[in-house]
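Among the features that Swiss-Prot reports, active site, proton donor is placed at D220. Taken from Swiss-Prot, the feature active site covers H244. The annotation disulfide bond is assigned in Swiss-Prot to C377-C383 on the grounds of similarity to another entry. Annotation source Swiss-Prot lists N-linked glycosylation site at N33, N73, N90, N140, N260, N292, N302, N407, citing sequence analysis. Per Swiss-Prot, the feature repeat 'PbH1 1' maps to 206-227. Swiss-Prot lists 229-250 with the feature repeat 'PbH1 2'. Sequence annotations record features per position, and here Swiss-Prot assigns repeat 'PbH1 3' to 261-282. If you look up Swiss-Prot, you'll see 1-20 marked as signal peptide.
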Amino acid sequence: MPISKGIFLSLLSTLPLALAGHRSHRCVVPSSNGTRDDSPAIAKVFAQCATDSIIVFQEGVDYNVFQPIKAENLSNVEIRMHGNLHLPQNISAVQEIVKAGNSYWFTLEGPRVDWTGSEDINHGWINSYGQAWWDANPPNGTGIENRPHLLSYTTSDATIKYMRSRKPIAHNCRLHGDDITVTHAIVDAYSTGGFPFNTDGFDVAGTNIRISDSVMYNGDDAIAVGSGSHDIVFERNTIGYQSHGMSIGSLGKDPTDFANITNLRFEDVTVIDALYAARFKSWTGGQGLVKNVTWKNIRVFNVTFPIFVTQSYWDQGANRGDVDESSSVMMEDFTWSDFTGSINTYQPGDGSCASDPCWYNAGLPNLQHTEAIILECNTATSCKNFVTENIQLYPQSMDAPHLICMNATAELNPRLGFDCRNGMYTALSERH
C-alpha cells in the first residue's frame, strides 16, 4: 500500500537522527602485551576513530598507559573497556608529567561518548597503583604534591556502564555534562597503609545526571555535587571505607561565584564505616542558592556524622583572608527522611586528620560522638524549610542520640522535626 506524502516526510525527517546514532567504524586498540608503553597506540586510535565509532579495548588484554590520553573532539563514540589499563608506577616521573600541566590522566570530551565495561568482574579495570602514593605521604601531610586525577569526562546523552577503578591516586572522575547515566561502577580506593587523600568518586556538575547500582570505597566524597547542577539522582549505591559521603559542595569559596543547584535526590544508599553520610558544605562569605534536596532511605553502619550541614566549611590547607561573615550560600527545601543505623562512638573520625583540632571537629568543641544530626546554619535566615522524618540513628555506646543545631529557626523551618538546640535528640512526634 502506498504511504501518504505526510508520512513519508515524517519518516524522512527522522533519518538524520537515525544516522547520527549509527557507529559505523569499529576500531580495536592494539597492545604491546606489557612490553612497552601503549599510550601512542591508544592516542592514535582515539584520533582516527573520533566520530561515529566503537573503540575496543580487548577482553583479557593489558594496556600500559604511561602518558596522559586526551581525546577532546569525540562525537558519538562508544568506548568498550573490556581490557585492563595500567598507569605508570614511577612516582617521580608522573609528578613531572603533572607539573607540566596534565592534571588528568584521561580527558574525554564530546557529545554521546558512552563507556561500556565488561560484565566480567575480572576485566575492564583501570589500575592506578595509588597505594604507593598514599604510603609516601609524610606525617601530618594531606597528600604528596603533583598527584594526577584519573578521568575528566565531559559529555551529553551518554551512558557509562561497568566503569571500574582500582586505587585511583587522587580524584577518580570529574563528570560534567547533561543527560548522563552511570550504572554498576566500582571505585576501590581501599588502603592497606597511608590514607587515600582526595580520592573522590564522582565530582558532578550538569543537568539530569543519574548514578545508580554502584560501589564506592574511598577516602573522600563518594559523590560531590558542584555548582550548576540540576536534576541529579544518586540511588541504590553502596559507599564506605573512610568515605566523606554524599556531598553537596564545597560551595562559596570564591565569594564572587554565585552557587546555583536545584533538584537533588539521594535515595536507597548504604553507608559503611564512613566519616559522613549526608553532607552539605559551604564557606562563610559565599553566595548562592541550593534548593529542593532530599536524602531518603539511607542506611548507616559505624558512621561518625550521619547528617551534617555546615555553612562555615573549613579546609585545613586553605587561607582565605577576610570574608563577609554574614554572607552564606542559602539552603531551601531540604529533607532528610528514613535514616537508620549506628553512629561511630568508639573510634570516630578517619585518617585524614592533619591538624589540631582535626578539620572535621573544628568549630564543634563539645562533640560527644553521639550526634545523629549536626546543622550549622550560618545565620538565622540562611536555612529555610528543613524537614526531618523518621530518623532512627543510635550511638554504638547505646547512649541517647544527640544533636547540634544552630540558627535553623522554627519560624523558617516549621517542619524541622525537633527543637533547634544543642542536646539530646528527640523527634517532636515522639513527645507526649
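Every residue gets a Cβ built from N, Cα and C, even glycine.
Features recorded in Swiss-Prot, as mapped to the structure shown.
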residue : record                      : Cβ contacts under 8 Å, 6 or more apart
N33     : N-linked glycosylation site : V61, D62
N73     : N-linked glycosylation site : A50, E109, G110
N90     : N-linked glycosylation site : none
N140    : N-linked glycosylation site : A354, S355
D220    : active site, proton donor   : H171, P196, F197, N198, T199, D200, G201, S243, H244
N260    : N-linked glycosylation site : S227, G228, G288, L289
C377    : disulfide bond              : V309, Q311, S328, M331, C383, M406, N407, A408
Helix, strand and coil counts within the repeat 'PbH1 3' (261-282) (DSSP):
0 helix, 19 strand, 3 coil
Remote residues contacting the repeat 'PbH1 3' (261-282) - C-beta distance under 8 A, at least 6 residues beyond either end:
221, 223, 225-252, 288-311, 313, 328-329, 331, 334, 336, 339, 341, 344, 349-350, 352, 360
Can you tell me which parts of the same chain pack against the repeat 'PbH1 2' (229-250), counting only residues 6+ beyond its ends and a CB-CB cutoff under 8 A?
189-191, 195-196, 201, 204-223, 259, 261-283, 290, 293, 295, 303, 313, 315, 329, 350-352
Model confidence over the repeat 'PbH1 3' (261-282), as mean pLDDT, sits at 99
In the three-state DSSP scheme, the residue listed as 'active site, proton donor' belongs to coil
How many Å separate the Cα atoms of N292 (N-linked glycosylation site) and N302 (N-linked glycosylation site)?
28
Filtered by Cβ under 8 Å and at least 6 apart in sequence, the residues in the chain of N302 (N-linked glycosylation site) near it are I272, D273, S342, N344, Q396
